[in-house]
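Record features (TrEMBL):
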TRANSMEM  128-152  transmembrane segment
TRANSMEM  172-190  transmembrane segment
TRANSMEM  253-271  transmembrane segment
TRANSMEM  291-310  transmembrane segment
TRANSMEM  342-360  transmembrane segment
TRANSMEM  462-482  transmembrane segment
Amino acid sequence: MGLLHRSNLLQTVGYEFEQWNLLLKKEKSIYHILNMLSINVTKKCLLAEGWCPLSATSQIQKVLLQATTDCSSQVGAIFQVLQTKELPPTYFCTNSFTSSFQEIVDAYGIAKYQEANPGVYTIITFPFLFAVMFGDWGHGICLLLATLYFIINEKRFSSQKLGDILEMVFGGRYIILMMSLFSIYTGFIYNEFFSIPFELFGPTAYACRDPSCRDATTIGLIKVRNTYPFGVDPKWHGSRSELPFLNSLKMKMSILLGVSQMNLGIILSYYNAKYFENNINIWHQFVPQVLFLNSLFGYLSLLIIVKWCTGSEADLYHVMIYMFLSPTDDLGENQLFAGQKFLQIMLLLLALVAVPWMLLPKPFLLKKQHKERHKGESYSLLFTGDDPLESQPDGAHHDKDDFDFSEIFVHQLIHTIEFVLGAVSNTASYLRLWALSLAHSELSSVFYDKVLLLALGYNNTIVLIVGIVVFISATVGVLLIMESLSAFLHALRLHWVEFQNKFYEGDGYKFFPFAFATLGDEDGL
């Protein structure tokens, strides 16, 4: 009887344990918050100070009134807005779709209160940059099917305890959804389906010189009809023109995307400065940064577009190098448009002027602002002790807002050097879009040509089955998992370093509301 009673008792405790555990956590959290409150001088009520979103003030008042009614209290809770000079925490209202993108930004740093939030742009730019490196609509469909499985079974997975890797994938399911959709789009542009091209948007514009097509990889193709309407022409796959063309296309495309995103970051720094009414940053940081970046790499982007539109054979490497080494020399065959030499000299002068413009005016203007702010003020120690010798003469003490010109100047010098060198290194860093895209395409082509086609050529069922298994394993393990993780990390790096450092300080702190809903996910208090 004793063993049966103990078994029934343990079974009852097991059924109720989770509920008891949650109730205990709630009670402990309540006492933890009450310990942070202060007691009124009358010792009859408690005072609490905290932050709340402005949109939630009416809701909080209703809840407090309802609580007073429910407990039949004779004294109601008083809710009053206090004025403070403390920097408020940062709170962004997110949902299940946007929260994962916001976590990417928060992993770099929490936005300062009312600072521009890069998470809004990350929803589009992050999956797009990933897709530039992972452009294959066959692989994109595989990612889409995998993430749709998690989204359709969202309620079931959210109520289960998953492993570390599966939990991470499930938490980023909407990021993977966007990445797969953009990968399908860029895959159509690259015309790659597991490295196999298709004539989806019309017939190819090129043909071989002879019916056997033996010289396609040596001599090349000839154009027989209008240009293929969308994306890369399928006939170039495996031809002599394929690798040089894709190299040139993806490299120039990477520079255009990089300069565009860096310009977006600098423009956001303008809106930050405008919102906080910092005219010094507008005129002596935003303006010279725009001039410097676009005088060099904005001009390079212009040359790329002009060369694409005109079909010129100009060597852009030669143009950019000799723009610095010999700006007054004649361009010769590298001239793409009239007045190019004069424009290059003007842009070079603007870039040279922008560097001291970033460096010198801001520290002196900040010093002038500080003097005007404290003009007419005097500082002295109020004597309250018994020994008059303990007092110090006027001016011996400085306020905590003392201005250190040398520190400000060194900080501005570091910032200027970082931007000037970063304009070169960050633009070069975007070439990883070209490198990873080319690596993904070549790996996919190797697996298709050297594994699947090779197995098909043996006319043996066993060899064919082995070849298909190896091809699927290599595609899933290398291309869908390793390559997608690599592209994800590189896209993350481009957002954190090349994009966000142009405007995002990220020195705020996050708003953590007190809520029972979050207690179930915690191990304890």
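Note that Cβ sites are derived from N, Cα and C of the backbone, with glycine treated the same way.
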Message = What residues elsewhere in the chain lie close to the transmembrane segment (253-271), defined as a C-beta under 8 angstroms and at least 6 residues from its ends?
response = 116, 118, 121, 125, 129, 132, 281-282, 285-286, 289-290, 293-294, 297-298, 300-301, 304-305, 423, 426-427, 429-434, 494, 498-504
Query = What else in the chain is close to the transmembrane segment (172-190), if you only count residues 6 or more beyond its ends and a Cβ gap under 8 Å?
reply = 96-97, 100-101, 104, 123, 126-128, 130-132, 134-141, 143-144, 146-148, 150-151, 154, 200, 230-232, 246, 437, 441, 484, 488
Key: Residues from the same chain, set at least six apart from the ends of the transmembrane segment (291-310), whose C-beta lies under 8 A from its own   = 252, 255-256, 258-260, 262-263, 266, 316, 319-320, 336-337, 343-344, 347-348, 350-351, 353-355, 357-358, 419-420, 423, 427
Key: Folded-back contacts onto the transmembrane segment (462-482), same chain, C-beta under 8 angstroms, at least six residues removed   = 136, 139, 142-143, 194, 440, 443-444, 447-448, 451-452, 454-456
